[in-house]
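Presented below is the structure to which this report refers.
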Amino acid sequence: MATLGTPTNTIEVLKKYNFNFQKKFGQNFLIDTHILEKIITASGVTKEDCVLEIGPGIGTMTQYLAENAREVVAVEIDKALIPILSDTLSEYDNVTIINEDILKVDVNRIVQEKNGGKAIKVIANLPYYITTPIIMGLFESDVPLESITIMVQKEVADRMQVGPGTKDYGALSLAVQYYAKPEVMIQVPPTCFMPKPSVGSTVIKLTRYEKPPVEADDEKFMFSLIRASFNQRRKTLVNGLTNATNLKTGKKDVLKALEEMKLPSAIRGEALTLAQFAELSNLLSLIGK
Ligand code: SAM
């Protein structure tokens, strides 16, 4: 099987299997070998690594991973792609294909079985609607992982990196920055995909911290506060937190914590840094959630 990352070879495979693109699965396949090589370099994958690839498509990136990593596990939701993947990856004995929705896969088990519980690297090129739940799921479930190299829409990459005072700042920025160091690696124009998407993409690498950059005594509680603050963006932090049905924080307690942090009582959640959310969460835990 020839290397797939060119328009001609991709079209040939798609025709052979009479493949129909599924919009609901966000199927845009890479057709640029330079970009594929750059993603491999950016991910830092070596022959020592076990890699989880989410959404292999017809196996374009998977072929590169099979050549560069020790072991590859590729999880693809679309069953129409499974016979294609068996064909395009038939030369490799270090690739396992799983036909499943990644959100239903027990990634911890894969890490145990394929890498003896040692940290894996994750590579993904996915539709936007699923990016946040996947990233958060991997981080929050404490899957042993070194890094996630992921292709996302440009705005999503911006959202992952920004701090307070920008319109893109939100729960995703704080969550990503609590668990990992985000680095923009490559800009990918629409012409590198088939079919051509309407917007450009960015490859961002999230390298997991061994220890988060701030100390939150109760991580779950801090993230409940963060979510509640950004659910009601136009409200003050005090109102956002006291209106949230899943929190038992009283208005007086939030005001007291803000006073202790020397922050104005009318401040909005979107003005707080990650360190300030951690401090607020620690103070409110002390006062009594
Ligand atoms: N990696 C390939 C490439 O770069 O050419 C394909 C990328 S395409 C943007 C996204 C792929 O993710 C598709 O093959 C799609 O079927 C798959 N996908 C979408 N949602 C998924 C999910 N929940 N779990 C696993 N795979 C999914």
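Here the Cβ of each residue, glycine as well, is placed from N, Cα and C on the backbone.
A TrEMBL annotation is a machine prediction, not a hand-curated record.
Fair warning: this is a prediction, and the values are worked out from it, not measured in the lab.
The following features are taken from TrEMBL:
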type	residues	note
BINDING	N28, L30, G55, E76, D101, N125	S-adenosyl-L-methionine binding site
DOMAIN	35-210	domain 'Ribosomal RNA adenine methylase transferase N-terminal'
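Locations of recorded TrEMBL features on the structure.
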residue : record                               : contacts (Cβ under 8 Å, 6+ apart)
N28     : S-adenosyl-L-methionine binding site : F193, M194, P195, K196, P197
L30     : S-adenosyl-L-methionine binding site : G5, L36, G57, T60, M61, N125, C192, F193
G55     : S-adenosyl-L-methionine binding site : F25, G26, V75, E76, I77, I102, A124, N125, L126
D101    : S-adenosyl-L-methionine binding site : I77
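Mean predicted confidence for the domain 'Ribosomal RNA adenine methylase transferase N-terminal' (35-210): the pLDDT average there is 95.
Every protein chain considered, the tally of other Cβ atoms within 10 Å of the Cβ of E76 (S-adenosyl-L-methionine binding site) stands at 25.
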